[in-house]
Amino acid sequence: MGELLRWMVVLLSITSIALASLHGEEKEQDILALIDISLSLSFSSCDDINCDNGGSCFKGNCVCPDKTTGIYCEVLENPCEPNPCYANGNCSETEEGYICECPRDFFGTNCDVIQSPNYPDNYANNTDMTWVLSGIPDKYIQLQFDDVFQIEDSNCGVVDYSVPFGCKDYITITSGVDDDLDVEYCGGARPSPITAPKGSDVWIVFKSGSQCSYSGFKLNYGYIDTSIPTNPIASTNYPDNYNTSMYVTWLISGIPDKYILLQFEDVFEMEDNRVKSCGNVSYNSVFNDCRDYIQIITGDIYVTYCGGAPPSPITALEGSDVLIVFRADDSCSYRGFKLNYTHIGTIRHI
Ligand SMILES: *[C@@H]1O[C@H](CO)[C@@H](O)[C@H](O)[C@H]1NC(C)=O
Ligand SMILES: *[C@@H]1O[C@H](CO)[C@@H](O)[C@H](O)[C@H]1NC(C)=O
Ligand SMILES: *[C@@H]1O[C@H](CO)[C@@H](O)[C@H](O)[C@H]1NC(C)=O
Ligand SMILES: *[C@@H]1O[C@H](CO)[C@@H](O)[C@H](O)[C@H]1NC(C)=O
Ligand SMILES: *[C@@H]1O[C@H](CO)[C@@H](O)[C@H](O)[C@H]1NC(C)=O
């Protein structure tokens with residue numbers, strides 16, 4: 001290497017002398033080509049290269065550690081750019097990365113958590129709170145509830161752990177789009193994760209009366225993209241057990257004047273909330289509270305499935321996109337799902 005370097009220094013000296021003494025376009029071009037060669041030769045060597053910020057040199061190039069870029073790792077990436085804090089939180093850089101300063105009533109590393117007051121201790125009487133989550137074009141807002149969920153339903157006793165109705169206190173989630181999201185939740189069964197329509201804002205309202213209070217709710221939210229779908233679409237390893245801790249989305253784009261038809265294969269199994277110690281799922285129901293699930297979201301359809309019964313075929317509205325979400329938590333895994341989709345022509349209503 002030392003030999004090569006000396007040779008290059010000589011070469012560079014010759015070229016600069018030549019540049020100083022010679023004129024004429026052709027000669028200049030030759031000389032520039034010569035400099036090019038010497039530069040590319042010098043870059044395959046690490047002798048003269050000092051990488052900044054803990055980068056190391058490999059074959060003349062700096063291999064940069066996380067959060068640095070540039071030829072010599074001299075550029076520090078700004079962890080606050082783009083702003084990782086939701087809800088217009090303010091980001092500041094720290095030694096470890098960044099911290100978000102969140103607006104009132106938003107919590108979590110990225111201002112991505114909201115909760116009833118004092119959670120998981122009892123919320124206050126006469127609470128009336130509203131949160132607005134701003135939509136981002138082409139992304140879907142997804143909400144996921146924590147396990148402890150308790151909101152007063154019909155009386156001051158023990159809340160109902162199956163699907164409740166007649167809520168005294170409640171949380172509502174609406175997307176501002178005319179859709180199925182507009183539901184009141186209460187009782188003790190944590191709602192399944194919720195995905196709002198593409199690009200839309202989400203309003204969350206929590207109201208309590210003057211009588212009894214419970215633990216309340218806590219949820220986190222995020223903005224999701226989608227992956228390009230294969231056909232058929234299946235959970236990992238299908239029909240063997242899927243991996244745990246999975247979160248996958250697929251977006252099937254609509255075609256004008258056509259309907260998307262989804263058909264499930266018979267083997268269908270995802271962890272429902274009645275499963276104890278990874279036992280058998282229920283083979284005859286679709287549950288409100290799924291631990292693992294597949295969601296189908298399109299136009300006027302918004303469904304969440306788990307358990308062991310394959311859903312009936314689903315037909316989307318004409319021209320509509322279909323979003324499919326598959327989520328597996330970190331506990332038990334089952335055989336999963338497989339579905340195919342077809343763009344079909346006009347449906348005749350008789
Ligand atoms: C962010 O900083 C601006 C300017 O200092 C301030 O007005 C605003 O209240 C801050 N926002 C939050 C959520 O702290
Ligand atoms: C709510 O009001 C009831 C009835 O007045 C009272 O017993 C209860 O302690 C109150 N709950 C809280 C959290 O203040
Ligand atoms: C599923 O788990 C296996 C074994 O742990 C792993 O090799 C594979 O990469 C995982 N697949 C996905 C899609 O995470
Ligand atoms: C899609 O799946 C259904 C149900 O398994 C099956 O009957 C149908 O033949 C499949 N269609 C295609 C095009 O693979
Ligand atoms: C689970 O399902 C298997 C196969 O259908 C059956 O043999 C077994 O008895 C079931 N176990 C329970 C606890 O229901």
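Any Cβ shown, glycine's included, is placed from N, Cα and C.
Fair warning: this is a prediction, and the values are worked out from it, not measured in the lab.
Under the heading signal peptide, TrEMBL lists 1-20.
If you look at the domain 'EGF-like' (76-112), the same-chain residues 6 or more away from its ends with a CB under 8 A from one of its CBs are 53, 67-69, 129, 131, 133-134, 220-223. The domain 'EGF-like' feature in TrEMBL is assigned to 76-112.
Sequence-distant neighbours of C102 (disulfide bond) (same chain, 6+ apart, CB under 8 A from its CB) are C85, A87, G89, G108, C111. In three-state terms derived from DSSP, C102 (disulfide bond) belongs to neither a helical nor a strand segment and is classed as coil. The annotation disulfide bond is assigned in TrEMBL to C102-C111.
If you look up TrEMBL, you'll see 102-224 (among others) marked as domain 'CUB'.
Summarising the annotation, TrEMBL assigns domain 'CUB' to 222-344 (among others).
DSSP classifies C111 (disulfide bond) as coil under the three-state reduction. C111 (disulfide bond) has a Cβ environment of 22 other Cβ atoms inside 10 Å. Taken together, the residues in the domain 'CUB' (222-344) have a mean pLDDT of 87 on the 0 to 100 scale. Across the domain 'CUB' (222-344), DSSP classifies residues as 0 helix, 52 strand, 71 coil.
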